[in-house]
């Protein structure tokens, strides 16, 4: 007895196991995943309808890849287990009840994507099953045409049968682009294929015959055409003959051929060319073959016609040369313009130009086809590039949020290369190797600042680039101000010790040494050997003979240093102070270059220069005058500059007086002379009462002769300057304006999104726009109050007078006096 095996066991392929692992309810979910990966229709969809959705694998994929708060509806004959954010209906898609249920769920919305993965119960016969599936697809298309928005997508499953081509033709009537594809998840032995219809046209009227299976799948008998039907019965239109042309045989002379403006047209009309002129007939270019070709032009091919055109060009050049010689003999100047014009005509009428035109037309057609293909490829590449950039941005965000630790990602960052001792340069790296794989992750967490959200140090500037890119301009301004304040506080706390450059170089050399690589010789022996090899060259042969000169130079340098110290001591006695720098010179390479041994060399060089020029320029200037002095303790002392005198602010009369002094020497001299008068030595203002001096100012002071117009101009300038806001007020106004503009842009984007939404009614659009404007603060308008002056005898209640709209307030003279008295009381309180 044979062993019976289960059929379902053989169908459990890799997609079946993947569905089990990932939590999808069916392996067909990977079909939709692969279709979406190719066409990208789920990412932009806001509403989706899945027909024949059980058990819900496609609904799971749709809810995962569609935007948040999207509407997803699934319909099937059998119940579907609940899925988060998905509406499921148990209806038959071929009934009217299903349409009513969908209208109730969608209300005024239109869906962007309609999916159909339905198939009938198979098993009777292949012909019957294929027809049932095509009929089911036609019903799904009917629902899609009712609920799809313009430009929507329709993805359906179709069996390959004789009803496949009629279905494709119907799809092409409703959609701009129809493509048939078979995803990898679909089994090879299955007859199913998926048709992706893109760009729903949304016609105003649809003929019901499109959705009638009897009409749509009706077999059309193609009658065999007879031979008489294949032959065209239409006669060609008679073009006729030229006016006055009574013969069909045209004979022309050679001169007519040479004078013809268009030689190609001339050859198409001519039957024979007669060679009447003996000189042209006996020309060297006139061969026997050309003579025979001229006798019957209608039988010539392209090669012979081209030879005739080249022959014509040579004869025309010969005639042009002959005419020039005759003109010289008769002292007639032949215009070069006619010759150039003739050459242009020859170039235009050459057979090469006619052949090039045909080639150009073919090339243009090929170029157009290539351009279309390139445009499609570029669009596809842009789409893929955009997707890759989006994934990279998400990965950066995960790393910044510390969601991914280094070493966890699969990408090869160079850590998987072969181990080498050369790569370990410091003891810290050695400790990390000893700790294991997670040492780099711990080091990264230790390096991250935990106390402050914003890192001010220069070493972490690169880490803060991504943070700064996500902040608003206002927040960036606040961060920069905070950074400057922190740097100022750090400078005021104390002075950092300056390390000499030589010590820094020694430390760098010690850090660069590899702790795991041991040299064969000691360091001192190796340095001495390298030094002896370097100074053993011929260029340093006479350097020992100059030892006496080096001694003299050293003594002169010491003398110059003593003179400089005495100069600095004198300046200290005069009261010049030294100032400690706010910032460490180690942060600036230029200042660091002046410290340590390099400073001594620079001072020695400058002292020698000062000695050489001391006779001409006087005593040498101290080195620390501009750059500051570097003392042996390592601190840089900078002298304090003289305080800048505060400029005197002149009033309008003072500015007018200054303009008179600057423009005229005579007026300046007169003003100086007039300044000596009996009011020059008045008593000081502090000795007399204030009220007395204020009263006597206008009588005990001589008026300066100034132009009133000039004084008024300067007063107007002062008014304009005083009208300007201070810097803080201007910055505050600018920030407020920038916030308002930003809020306006956000509001405009939201309003445009609401207006462009097709799925809501106009009433809902207006309500949403009002809410947006109200939230932005644009709907609040300041009420205008109308003031009415009350007459005597008016009671407390006043009726609205005619012609006054809106809010009004009744005022009288008593109220005006009360307000004035209240203001006076407030001023007295302020004075106290």
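Just so it is clear, glycine is given a Cβ too, placed from its N, Cα and C backbone atoms.
Swiss-Prot lists 56, 58, 76, 92, 117 with the feature S-adenosyl-L-methionine binding site, giving sequence analysis as the kind of evidence. For residue 56 (S-adenosyl-L-methionine binding site), the number of other Cβ atoms no farther than 10 Å from its own Cβ, over all displayed protein chains, is 23.
Under the DSSP three-state reduction, residue 157 (active site, proton acceptor) is assigned to strand. Around residue 157 (active site, proton acceptor), taking its Cβ as the centre, 22 other Cβ atoms fall within 10 Å, counting all chains. The active site, proton acceptor feature in Swiss-Prot is assigned to 157.
The compositional bias 'Acidic residues' annotation in Swiss-Prot covers 503-514 (among others).
Look at Swiss-Prot and you will find 570-579 (among others) tagged as compositional bias 'Basic residues'.
Among the features that Swiss-Prot reports, compositional bias 'Acidic residues' is placed at 600-618 (among others).
The coiled coil feature in Swiss-Prot is assigned to 726-758.
Among residues of the same chain six or more beyond the compositional bias 'Basic residues' (822-832), none has a C-beta under 8 A of the stretch's C-beta atoms. The compositional bias 'Basic residues' feature in Swiss-Prot is assigned to 822-832 (among others).
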- Item | Which of 76, 92, all binding-site residues, has a Cβ with the fewest other Cβ atoms inside 10 Å | 92
- Note on the structure: Taking every pair from 56, 58, 76, 92, 117 (the record's S-adenosyl-L-methionine binders), the biggest C-alpha distance in Å rounds to 18
- Item | Under 8 Å by Cβ from residue 58 (S-adenosyl-L-methionine binding site), same chain, sequence gap 6 or more | 28, 29, 32, 50, 74, 115, 117
- Item | Neighbouring C-beta atoms (10 Å sphere around the C-beta of residue 117 (S-adenosyl-L-methionine binding site)) | 22
- Query: Which whole number is the mean pLDDT over the coiled coil (726-758)?
  - Reply: 87
- Query: Counting each residue once, how many in the compositional bias 'Basic residues' (822-832) are helix, strand and coil under DSSP?
  - Reply: 10 helix, 0 strand, 1 coil
